2 protein chains.
Amino acid sequence: MTATNRWMIKNGSFAVADGDKPVIQGCMVIEDDLIVYVGEETPELDGDIPVMDGTHLFFMPGMINTHGHAAMSLLRGYGDDLALQIWLQEKMWPMEAKFTSSDVYWGTSLSVLEMLKGGTTTFLDMYDHMDQVAKVTEESGIRASLMRGVIGLCPEEVQRHKLNEAIRFARDWHGKAGGRITTMISPHAPYTCPPDFIEKFVQAAHDMDLPMHTHMSETKAEVEQNVTEYGLRPVAHLEKLGVFSRPSLVAHAVHLTDEEIEILAKNKVAVSHNPGSNLKLASGVARVTDMLKAGVTVSLGTDGAASNNNLDMFEEMRLAALIHKGVSGDPTAIPAGEALKMGTVYGAQSLFLNNVGTLAPGMKADFIALNTDQAHFLPHTDLISHAVYSACGKDVEHVWVDGKQVVKHGACLTLDEERIRREAQAAFESLLSR
Amino acid sequence: MTATNRWMIKNGSFAVADGDKPVIQGCMVIEDDLIVYVGEETPELDGDIPVMDGTHLFFMPGMINTHGHAAMSLLRGYGDDLALQIWLQEKMWPMEAKFTSSDVYWGTSLSVLEMLKGGTTTFLDMYDHMDQVAKVTEESGIRASLMRGVIGLCPEEVQRHKLNEAIRFARDWHGKAGGRITTMISPHAPYTCPPDFIEKFVQAAHDMDLPMHTHMSETKAEVEQNVTEYGLRPVAHLEKLGVFSRPSLVAHAVHLTDEEIEILAKNKVAVSHNPGSNLKLASGVARVTDMLKAGVTVSLGTDGAASNNNLDMFEEMRLAALIHKGVSGDPTAIPAGEALKMGTVYGAQSLFLNNVGTLAPGMKADFIALNTDQAHFLPHTDLISHAVYSACGKDVEHVWVDGKQVVKHGACLTLDEERIRREAQAAFESLLSR
């Protein structure tokens, strides 16, 4: 039996979920991969344990990015400000069709590097060549919910092959990387997968007891197409196909009726709200306040870097807190504390992880420290307000996942930053010339 | 006669306004306070001159923040997510009423520190105790357009006193700090200044040949009040009072009719768009694409930090580029290049400065360098896209104003950062206890 690695942070400010005091000054004790204490008092502990000084640091749960396609960072800035169909057909799809396993490895490495340094400790990835994404997850120390996203607009034989690949990946990697990887089953979207194909994914998810993830109602056009083709809006369509009989998470959910919000709430379907991507692609503004009011779990995702164009979850929190105020005319909509939960604990709930997303005893030690000794964090009126309304990913000083430090003073300890930058640039140039 | 200070940047990427190539790889030569060359070739120059290596740096004009109240940074995070009237009446106004010259000095210092480090080289400030703001401008090396903002809801004698103070300040400081300070004449808003009082400001602006600045049509309620009280919407009201007979800049302009946009265009009235503040206070979304289409100069402002909550102009550029796409449904609205101009050259035009805002020979050497050797700047597809859609103020590595370096490797060379942070915190605590 190996000795327990126990250490303590003193003199820090800590974001501790609910209650009268969402921020406390005090102490946190970590034992191996777990938080074992957080509170205002310094506990009496046996023996000398290492102490880190938390002065000028604000400790909060690591951010949880609940929707994305990490390898798409290779296409960051390659085609902005275009109509959606031109962007997809002339820019994204031709380049993505050329992606090799190596491209996915380096593109994902670039994204994971950006996410870790920016305070994201868990990410969801729906893409192809997923073994590479799992490999980067293993190497980097990040936590991830991974899945092969399958587009079903192809012959039955190809469909069968892709489904088997998705099942194989989900089975092989679930629980791996010391438990940091979990998997889901993921048909890409109702408009890219025929109904009988989606039903096969539902069956697979039941068989393996895994949750499901899909894009849904991102654009008005796809909702209209769903009604034309199947006589139902996407929510009723997916409910009918059995998707919501599984724990499930849908991305975007921009265009919803009151009735659809009720169906999501009734089925406990979580929503990944992607404000940056939805604005940039002009998809619209999701009805987040209505969803939250109805009891739907709404978390935050960056989507791929090609439509964002960064993976800074602080920006997504701020966008969520700002746009729903501006569009609704209600300055009390999505207050800072709620935006922070969307970026953390609601993210954990959306990925069906019950041991991350808050700083509390028994939770995994996935947490970050922001440097509060900076002009834009002063005065120290309300650190949660500052984290949501003033911070950016570059304010993150340290990051721990599963109790291990992965970012120290802004530098990533687990990845070769210089090599990743070089290889990502080379991969893009090679894609252009292929 | 002092010797000329001439130096050169080689191997950099430079944002050079219009043309087929908005970004060039090359060289820039600076002579004292001016840019004398920027281009792809390295010019032949007499004698040895100092050379800076610009590898991995993206040089762009310094950002120009065209509306704000710098000292309000002391109230950052003091009352968020509240209804507007509660925020003003219970939080902002009681605290601001207690502001002394010293508070304004430290609050402004905190803001200027944040702005310089974040790449803002010129800011507009409309506030009280303006001699303090001018003092901070002198000390810090930043460029500023300064004005005493006057609220006229007071007895005539007090009005007269305030007007004289505004005139005295504008006269004393115009052209000072080596020309870095210019001044304007500024009645606070149509709803806080009676018509005859506004006319006195117009007369003063004519007498001193200075531009005018005012808040206008920030909220729907103030537009309605204007119609009730004066029978006119704010644009026609200000036009009637002669404000637009001067070069003028209005802040916010959220609620406009087609006809009002035409009046602004006809009179060449510039607009400071403040997307972060408008969203956070739930004022609404300004008709920026319509204004730009009509030929109105639209620049960007942060407003005070109490309603933003930071002074990061990269965030304002990104918000401008994102929200108007999302709200209009047009993904081609406000492309990255246009957002960059809103943050730079349109800002210069809005402040009636014709020698800043672009990197070109003959312009003042007000420019910044972003570190592009970072994950979220890769691949190097389009540096203007990255500056707008991916960057934040903390990516700014170096800043020069008037040819002098004021930020080097992220540290401010002209201000005592540690002291400003300490004094700003102390000022806030003192305000709370007074």
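Positions of Cβ are set from backbone N, Cα and C atoms, glycine also.
Automated prediction, rather than curation, is the source of TrEMBL annotations.
As annotated by TrEMBL, domain 'Amidohydrolase-related' applies to B:59-406. The Zn(2+) binding site annotation in TrEMBL covers B:H67, B:H69, B:H215, B:D303. The substrate binding site feature in TrEMBL is assigned to B:E96, B:R148, B:R160, B:H188, B:E218, B:D303.
Between the CA atoms of B:H69 (Zn(2+) binding site) and B:R148 (substrate binding site) there is a gap of 10 Å. Listed in sequence order, the residues of the same chain lying 6 or more apart from B:D303 (Zn(2+) binding site) and placing their CB within less than 8 Å of its CB are B:H67, B:G68, B:H69, B:A251, B:N274, B:G276, B:S277. Taking the binding-site residues B:H67, B:R148, B:R160, B:H215 in turn, the residue surrounded by the fewest other Cβ atoms inside 10 Å of its Cβ turns out to be B:R160. For the domain 'Amidohydrolase-related' (B:59-406), the mean pLDDT of the prediction comes to 97.
When Cβ neighbours within 10 Å are tallied across all protein chains shown, the highest count among the binding-site residues B:H69, B:H188 belongs to B:H69.
In terms of C-alpha distance, the listed binding-site residues B:E96, B:R160, B:H188 place B:H188 closest to B:H215 (Zn(2+) binding site). Classification of B:R148 (substrate binding site) by DSSP places it within a strand.
Considering only the binding-site residues B:E96, B:E218, the Cβ with the fewest other Cβ atoms within 10 Å is that of B:E96.
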